[in-house]
Amino acid sequence: MIQVLLVTICLAVFPYQGSSIILESGNVNDYEVMYPQKVAALPKGAVQQKYEDTMQYEFKVNGEPVVLHLEKNKGLFSEDYSETHYSPDGREITTNPPVEDHCYYHGRIQNDADSTASISACNGLKGHFKLQGEMYLIEPLKFSDSEAHAVYKYENVEKEEEAPKMCGVTQTNWESDEPIKKASKLVVTAEQQRFPRRYIKLAIVVDHGIVTKHHGNLKKIRKWIYQLVNTINNIYRSLNILVALVYLEIWSKQNKITVQSASNVTLDLFGDWRESVLLKQRSHDCAQLLTTIDFDGPTIGKAYTASMCDPKRSVGIVQDYSPINLVVAVIMTHEMGHNLGIPHDGNSCTCGGFPCIMSPMISDPPSELFSNCSKAYYQTFLTDHKPQCILNAPSKTDIVSPPVCGNELLEAGEECDCGSPENCQYQCCDAASCKLHSWVKCESGECCDQCRFRTAGTECRAAESECDIPESCTGQSADCPTDRFHRNGQPCLYNHGYCYNGKCPIMFYQCYFLFGSNATVAEDDCFNNNKKGDKYFYCRKENEKYIPCAQEDVKCGRLFCDNKKYPCHYNYSEDLDFGMVDHGTKCADGKVCSNRQCVDVNEAYKSTTVFSLI
């Protein structure tokens, strides 16, 4: 039996809590200083590794003791991992660096079933962990004493006030343009959640802007990428996907394509380059470009949808937008999700009350959870598209092994795997056999509680607005009934708006969303710009032509807001809908925007009663 080294590290909290400090993540308000003290006891005859297979940390967070278990991520690299950069004179330099004894770990908090951790132990402890639903970051402090570490909540990192950042994907239907429309398609049963094992061999390309940003420090760039993939690998475990980094290319001399702010153009160019150049020099399943370019509008990432294994389209582009590694990792995970056939989440998609990773806007803090909808779409993608390239594990690795009950990976023949019996936190699962207990009715869902259906009448989805209707469990299913809402056209918000698909869209809230709390709706004269009929100001686009708004429709075109500094402020994006007045918005007394026209509310909704979102 192979003996595994167990290391215990006691973290002593420094006598004070800091109020503000500048760290790699940015300016941090409220942090704790800790000193890791490593105590190791090697079993007799054990071989010393630079980085142990497993480690355990005991420390306090907010005065409460926690135990953090870490396990080396042995699926992070393929054994034949290689990387390429370019010399100052343009020569290609390709190496196969040793990666077996690396320093990247996944982990969990003892007695917290929903906890996660992604940690680098290369030079101190650096990364993030989720504790009791809150995200914490940890990193070494750059004092003369190298043992000092800062631990702080993600929410305590100061962030610039700006419009929300979002994915640039606007068409997320299947290639046949036939979206999944039935609610039953978005119900993920316990059986469906036992996804088959899949492997994504990932190639990452780093553009020259990032090299410049890090002053040519390739070692620092590598560490940034390795931690990105460590987090991505951890997130995709919930879909039983192993993401292994097989190749890294750093454009240290110059970019190989024209990386530009037009995200659709950059995505197209990168796809062409991947097909014609990259695939010929390194086998892989999916390629992601990481860049410092500021894409047009609020876009921070874009990818082709349902494209995994396609020679050109199995790609994505990601802006290296944040100094927090977790944020960039989540963006790349999101774009890879599109490659796997997962569209953006709609209003009916849930993650147990937490934000979801496939929301079109990145949440704060960023989510590591796939929604019920995402899981159903991924399952459908596997069934309908049958992507062949992700069937096989990365070559020359020991990642593929016979099923092992207790390794927390769902493998062939297992119904569940919650770890060893002493560490299992999942009561539905018999840890000794990796089978579900015979009394289990459900494993997950809004109406599933401790493996049994919730009592009929238990509210499972609260009303989001006065236009929405709360839903309750039936007592016969783990899933919350399909979302329902009040009839479209019903007055709301004291007659400032009319209900539309469960919401009360008004311009004031749309301005708040785009430009922050100081913004309000602009004066009427600003909306007259929509009569111009150019690429910025219009009502509709037909046959590549911008159709100007008629006078009565000007408040159904581009949205104008007054943010004090600019009285006719607007937002432009490649997305035809972004920055436009939302459908269903009140444009005059008794009228709403419908198909970019200001029409009578009764005429707009004459055939509707109660709708359900899908």
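Note: Cβ is positioned from N, Cα and C throughout, glycine not excepted.
As given in Swiss-Prot:
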SIGNAL    1-20  signal peptide
CARBOHYD  Asn264  N-linked glycosylation site
DISULFID  Cys309-Cys389  disulfide bond
BINDING   His334, His338, His344  Zn(2+) binding site
ACT_SITE  Glu335  active site
CARBOHYD  Asn372  N-linked glycosylation site
DOMAIN    402-488  domain 'Disintegrin'
DISULFID  Cys405-Cys424  disulfide bond
DISULFID  Cys416-Cys429  disulfide bond
DISULFID  Cys428-Cys451  disulfide bond
DISULFID  Cys467-Cys499  disulfide bond
DISULFID  Cys492-Cys504  disulfide bond
DISULFID  Cys499-Cys504  disulfide bond
DISULFID  Cys511-Cys561  disulfide bond
CARBOHYD  Asn518  N-linked glycosylation site
DISULFID  Cys526-Cys568  disulfide bond
DISULFID  Cys539-Cys549  disulfide bond
DISULFID  Cys556-Cys593  disulfide bond
CARBOHYD  Asn571  N-linked glycosylation site
DISULFID  Cys587-Cys598  disulfide bond
Using DSSP reduced to three states, classify His334 (Zn(2+) binding site) as helix, strand or coil.
helix
Work through the recorded positions one by one (His334, Glu335, His344) and name whichever has its CA nearest to the CA of Asn264 (N-linked glycosylation site).
Glu335
Which one is it: of the disulfide-bonded residues Cys405, Cys467, Cys539, Cys593, whose Cα lies the shortest distance from the Cα of Cys429 (disulfide bond)?
Cys405
Looking at the glycosylation sites Asn264, Asn372, Asn518, Asn571, which one has the fewest other Cβ atoms within 10 Å of its own Cβ?
Asn518
Which residue counts does DSSP yield for the domain 'Disintegrin' (402-488) in the helix, strand and coil classes, in that order?
0 helix, 16 strand, 71 coil
Within 10 Å of Cys428 (disulfide bond), Cα to Cα, which of the recorded positions Asn372, Cys389, Cys416, Asn518, Cys593 are there?
Cys416
Could you check which of the disulfide-bonded residues Cys309, Cys405, Cys451, Cys492, Cys587 is the closest Cα neighbour of His344 (Zn(2+) binding site)?
Cys309
Neighbouring C-beta atoms (10 Å sphere around the C-beta of Cys416 (disulfide bond)):
23
What is the total of other Cβ atoms whose distance to the Cβ of Cys467 (disulfide bond) is within 10 Å?
24
State which of the following disulfide-bonded residues has the fewest other Cβ atoms within 10 Å around its Cβ: Cys499, Cys587.
Cys587
Relative to the Cβ position of Cys451 (disulfide bond), how many further Cβ atoms are located within 10 Å?
19
